[in-house]
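Summarising the annotation, TrEMBL assigns transmembrane segment to 37-59, 71-93, 105-123, 144-168, 188-209, 221-239, 259-280, 300-319. Here TrEMBL flags 332-404 as domain 'PAS'. Residues annotated as domain 'PAC' in TrEMBL: 408-460. Summarising the annotation, TrEMBL assigns domain 'Histidine kinase' to 476-691.
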Amino acid sequence: MPAAEPFSGMRGLEAATAPNATEVRRPGTHGFDSNSATALAVFVGYFTGAKLGLALTFLPNPVSVLWPPNAILFAALLLVPPSRWWVVAVAALPAHLLAELQSGIPFSMVGCWFISNFAEAAIGAAMVRKLGALHQPFGKPLHVIGFVFAAFTAALLSSFLDSAFVKWNAWGDADYWDLWAARSLSNAATSLVLVPPIVVFATGGLLVFRRAKQTHLVEALLLLVGLLASALVVFHTQLAESVLPVEIYMPLPFLLWAAYRFGPAGTSATVALVAVVAIVGSGHGTGALGMGTPTENARAVQLFLLFISPTLLCFAAAMDERRRAEASLRQSDRRFHVMLEATRDVVYERDLVSGAMWWSRSALSEFGYDRSATGHGYREWCEMIHPDDRESAMAPLHVALAAGSRQWESEFRLRRADGRHALVSERGFIVRDAEGHPLQMIGRLTDITERRDTDELGQELTHASRLTIMGELAASIAHEINQPMSAILSNVDSAEMLLARSGERDAELSDILADIRADGLRASEVMRHIRGLASKRGADIETFDPNEVVRAVLRLVAPVAKRRGIPVSIALDKVPHVWCDRIHVQQVLLNLIFNAMDAMDETPPAQRELFVEVFRSADGMVQIAVRDRGHGLSVSTQGRIFDSFFTTKRDGMGLGLSIARSLVQSHGGRIWATNNADAGATFRFTLRADRRDRNLPPELE
Ligand code: ADP
């Protein structure tokens with residue numbers, strides 16, 4: 001049977017009474033959050049309770065079966081913090097005087113009774129607080145026991161005072177101890193029967209009716225009808241003597257039903273209902289508890305209530321506690337699975353004693369295996385590990401098991417369902433018993449293939465761009481040195497000519513000049529060689545579709561962009577083929593894209609965007625634009641970004657754009673940058689279209 005929720009939503013009293021707790025002001029909760037509301041509720045409750053108490057008194061017996069005002073006081077002191085107990089006292093006093101003086105009781109007796117009533121409530125409430133049962137007083141069996149203990153103690157202690165006051169005021173001629181016993185029984189029964197429903201409903205009990213599903217309300221109605229019918233049969237009809245001892249159990253199934261399905265709220269309400277029916281019936285001398293004198297009847301009803309109320313409250317609290325535990329278990333189970341799905345990790349558990357394996361819900365679907373497939377036993381699992389990695393994968397676990405440690409980590413290749421291998425990182429935990437014997441191991445598998453690929457790709461890209469830069473650097477140094485070297489060589493020529501013209505024959509000087517020429521020529525040759533190496537190969541001019549190059553470059557940088565949280569979009573127009581070096585175009589584009597990504601490092605993730613566009617510009621050239629949403633170009637840097645060694649990055653070299661410019665210019669193109677109107681910058685370069693391409697409009701042929 002599904003657990004009934006409508007009545008089980010009890011909140012702690014502390015939360016309900018805390019002045020700042022927002023839920024206190026929810027509709028349907030009690031009105032104890034301000035002094036005036038408290039005072040009004042206590043006044044009305046106390047006065048009505050007193051009238052009800054008088055109605056429930058079996059005359060001529062002076063002691064009522066239940067005395068509701070005491071329960072009102074007790075519940076109010078539980079609901080408000082001790083700092084506001086005075087409000088309860090001040091509000092209850094006029095209600096007490098009004099109700100009791102009307103009955104013709106002397107003023108001093110009335111005053112004394114107020115003191116003993118308040119004393120009972122204060123002792124009870126203080127004890128509940130002391131026992132730590134204030135939070136959910138009827139939501140846990142231990143708390144119910146604490147409350148019952150407090151209610152009994154308060155009733156017994158305050159009855160000493162009560163009886164003493166009666167004797168002191170010479171009110172009636174009953175014996176002190178008879179009075180004490182009668183008062184104790186009445187007060188304890190009152191607290192146990194009436195405080196729970198008041199507290200439960202004041203702390204949100206009514207709210208649950210609004211939330212209840214229709215089926216629950218129908219069930220509650222059926223329960224009520226059954227309970228009322230059985231209670232009326234037991235307490236209002238005279239059954240044959242033979243069934244008398246047994247008939248008292250007739251309402252029990254309904255009371256248990258209420259406790260099981262409707263928690264503390266259902267129990268406290270149904271017990272109170274049975275109490276009223278029983279008191280009225282036995283007051284009229286009918287039913288199972290109405291066969292003695294009025295005093296005997298009252299005592300029988302009180303004893304009956306004293307037994308059933310705590311028992312049922314404990315049962316209801318146990319059910320409520322179990323329901324909460326189940327709900328929190330369900331929630332944490334759901335969280336656990338959602339978390340696993342989100343991390344896409346696979347978790348397994350292996351019982352080292354029985355060898356049984358458990359896999360998280362997604363099982364090995366992350367590696368292409370069927371989710372529902374069973375048979376991922378330990379042996380199958382080991383067989384999925386690449387044969388070359390098996391030993392090294394298991395070694396850390398064996399070491400951890402032997403060394404008595406609790407954790408291990410390893411990395412290995414795991415066979416996917418399609419036969420390829422994924423690189424997997426495993427972290428595990430070993431559960432041991434008190435003697436340290438391993439009982440269980442729990443492992444978590446993370447697929448790190450993509451991460452490794454991305455890292456490797458990143459390293460390759462960095463390496464490649466470093467090589468390019470170093471090559472270009474060497475080339476530019478060679479170029480710079482070439483000029484002075486030519487000057488040296490021509491100076492040597494001039495010196496030799498002058499020497500020849502002077503007619504002097506200086507063999508040593510001629511040898512020196514010849515050496516200088518030879519060294520100079522060798523140096524020039526070395527420089528030429530370095531330049532040749534740096535450019536790696538001669539420009540490989542060919543005709544190709546620039547869109548293809550853009551797509552290839554973007555495929556290459558996609559994992560890096562993903563890792564850096566940058567969405568990439570493209571707009572590729574149909575353009576003519578271009579006539580240039582494909583590798584150079586790739587280099588330029590890579591450089592612009594990496595710069596764009598660097599520029600967006602500080603941009604909030606939601607605003608990042610890299611946009612690459614290819615189109616034919618008005619002059620017939622093919623234009624490639626790279627737009628970002630980064631920090632853009634400042635006025636001071638804009639004119640210098642294409643200069644060699646100009647950089648604003650901490651670890652930048654400032655060569656990328658200058659190299660890009662020389663590459664683009666060597667193909668007859670142009671490169672430039674502008675700031676975007678909204679954010680970031682756009683870098684553009686043009687390439688010459690292949691005149692023979694059929695995409696070229698006729699006017700440009
Ligand atoms: P490096 O990247 O080593 O700094 P570059 O020549 O590629 O060398 O870039 C030179 C400078 O141009 C960068 O340091 C940066 O200040 C600026 N720059 C380049 N691209 C961008 C861009 N997309 N947005 C803003 N500034 C840029």
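Placement of Cβ uses the backbone N, Cα and C atoms for every residue, glycine included.
Those TrEMBL annotations? Automatic predictions, nothing curated.
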TODO: Express the predicted model's confidence over the domain 'PAS' (332-404) as a mean pLDDT, rounded to an integer.
DONE: 81
- [ ] Go through the chain and flag residues at least 6 beyond the ends of the transmembrane segment (105-123) whose CB is under 8 A from any CB in it; none is fine as an answer.
- [x] 69-70, 73-74, 76-77, 85, 89, 92-93, 96-97, 150, 153-155, 157-159, 161-162, 165-166, 168-169, 171, 187, 191
Task: Tertiary contacts of the transmembrane segment (71-93) (same chain, 6+ residues out, Cβ under 8 Å) - done: 13, 16-17, 30, 32, 35, 38-43, 45-46, 49, 114, 117-118, 120-122, 124-126, 128-129, 134, 137, 151, 154, 190-191, 193-195, 198-199, 202-203
Open item on the list: Per DSSP, what is the helix/strand/coil residue tally across the domain 'PAC' (408-460)?
Closed with: 12 helix, 30 strand, 11 coil
Task: For the domain 'PAS' (332-404), the number of residues DSSP places in helix, strand and coil - done: 36 helix, 10 strand, 27 coil
